[in-house]
Amino acid sequence: MENLEQTCASLRAQIAATEAQLAGLKRDLEVAEQAAAEIKAQDVKSTGIREEGSEKKNPWPLLSEEYKRYGRQMIVPQLGLQGQLKLRSARVLIVGAGGLGCPAALYLAGAGVGTLGLVDGDTVEHSNLHRQVLHRSKNVGKFKVDSAIEYLRELNPHPTYVPYRAHLTPQEAPEIFKDYDIVLDCTDNPATRYLISDTAVLLGKPLVSASALRTEGQLIVLNNPPRPVGDKSGGPCYRCVFPKPPPATSVVSCADGGIIGPVVGTMGVLQAIEAIKVITSSPADETSASPPSLLIFSAYSTPPFRSIKIRSRRANCAVCSAEASVTVETLKTGSTDYVFFCGVAGPETLLRPEERITPLEFKKKHPGQVSHEQELGGSKEPTIIDVREQVQFDICSLDNSINIPISTILSSAASPTTSTPESLPSWLPHDIVSSSSTDPIYVVCRLGNDSQIAVRKMKELGLDQGGKRFICDIQGGLRAWREQIDPDWPEY
C-alpha cells in the first residue's frame, strides 16, 4: 500500500511538472508570435511595402528601429556597424540564470545578439531577488529561464531566446553547445565549471567564466582563441588554470558565505563585455591579443581591480593537450565523472545518534525557563552555544544563547592533557569551564554541520569532564528549528 501511494505521489508530481512545462511553452509561443508580428510590422514599415506586388527591398543592413536602438553603441569605434552585424548573427549560450547570468543576459540582449540560450533547472526564490535582476517577485516559483526570458523579451524582442529548463549534464552538453558560438559560465559549483570548460574546448567554443562570493569576484576568458585539441597556440582551459579541484569541504556557496548584489552584478556585466569583445573581434585581433589573465575584483579594496597573468595551455592537460583523455565520447557515455572528480561535501554526520538531539526533542526536554525552585531541586539548566559567525548571530538568535563562532573554536590549539579551567581556551565563558558546573551544553548552528564539528572539538578539549557533562548538537540547526518549533524564525 505504501509503495502504491509513493507511486501515485510520484506520478502526480510528474504530471504537475509536465503541465508547468507545457504552460511555459505556451507562454513562450505566445510571446514569440507577438514578437514576430511586431518585427514583421516594423519590416513592412521600414521597406515601404504598400500593397502586394509593390515590395521594395530595404537598402540598409539593419531595420530602421535597430539603428535607433543600437545607434549609441554603433558609433563607438571598437564596435561600429560591422560589429553590430556580428552581434546580430551571434549565438550566445549562458549556463546559469542567477546572479551572474542575469546581468550578462540583460546586457547581451540589450546589445542585440541574434540568439541567446539560457540553461538553468532552478526556480526563482525570494532569496534570489536582491541580486538576480531579471527575476521579479511575481515570478517566484517559476523556472529561472522562463522568468529571465520574459523580462528580456520586454527589453528587446529582436533576439531569439532559447530556454533549457534543466541543469547541464555531460550527456546533453555537447548537443546544446554545438548550436552556439560562445559560452558564458555563470554557475556556482566546480563540477559544472569543469564540465562547461571541457565541452567548450572539445567543440571549439570560447568561454567567458566568472565567479563571485561575499565582496569579491573573478573573471577569466578561456579557450580563446579556440584551437583544436593539441594546438598549443590556443587559449588555456579551466583545467589548465586549475588542474585540481578545490576540496569539496572548502567550497562555499552564496547561501553559506553570502554575496553583495552589486558585486556579482559587476562580474556578470564584465562577462557581457568580454563576450562582446570576442564576438566583434577580427582574426587580426587574435594574433595581437594579450596573454590570458585572471581579473580579480575586491569591492572593499583600493584599487578594487587587479590582474594576474596565467599560463598558456598545459602540455599534459586532460582536455586540450595532445595527451587528452577527456573526449566528447567520454562525456556522452558518462565515463568522465565530474562529481567523483570534484567530490561531494554532503551533509556532515560526525557524531553518534546519542550525541545529537532534534529541535523538537530539545523543546520537550527543556520546555521553558528553569525556575528557581527547579534549580534548588537539582535540575540542570541547559547552556546553548551558537557557533555561527557574529554577523549571523546578530541577525537572529535563540534566547539566552551564547555566541562562540566556529572559526574561534577551530583556531584553538591542540587538545589539552587536562580539563582544568586553567588549561581550557580563554574564549569559553568562566561559568561553563567551572569544574563544578555540569549543566548540559547544546550546540547549534545554521544547518547542523558546524555544530557537530564544535561538539567534537569541545569534547577533545575535555569540556565534557570525561563524560560527566552532556554535550550534543541540535540536529539540523536553526533551519530545523524553524521547521519544527518556530515557523516565524527568520530564514536567510
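Count begins at 1; order follows the chain as displayed.
Backbone N, Cα and C define each Cβ position, glycine as well.
Gly99 is the only one of Gly99, Gly110, Gly204 that Swiss-Prot places in the ATP site (with Asp120, Ser127, Asn128, Leu129, His130, Arg131, Lys144, Asp188, Asn189).
Per DSSP, the domain 'Rhodanese' (378-490) is made up of 38 helix, 14 strand, 61 coil.
All chains included, 23 other C-beta atoms sit within 10 angstroms of the C-beta of Cys317 (Zn(2+) binding site). The local packing around Leu129 (ATP binding site), expressed as other Cβ atoms within 10 Å of its Cβ over all shown chains, amounts to 15.
Under the three-state DSSP scheme, Cys254 (active site, glycyl thioester intermediate) falls in the helix class. Within 8 Å of the centroid defined by the CB atoms of Cys237, Cys240, Cys317, Cys320, the record's Zn(2+) site, lie the Cβ atoms of Ser197, Val201, Asn223, Pro236, Tyr238, Arg239, Arg313, Arg314, Ala318, Val319, Ser321, excluding the listed residues themselves. Listed in sequence order, the recorded positions near Asp188 (ATP binding site) (C-alpha within 10 Å of its C-alpha) are Cys254, out of Cys237, Cys240, Cys254, Cys317, Cys320, Cys445.
Closest to Ser127 (ATP binding site) in space, going by CA atoms and restricting to the recorded positions Cys237, Cys240, Cys254, Cys320, Cys445, is Cys254. Here nothing among the recorded positions Gly99, Leu129, Cys254 falls inside 10 Å of the CA of Cys320 (Zn(2+) binding site).
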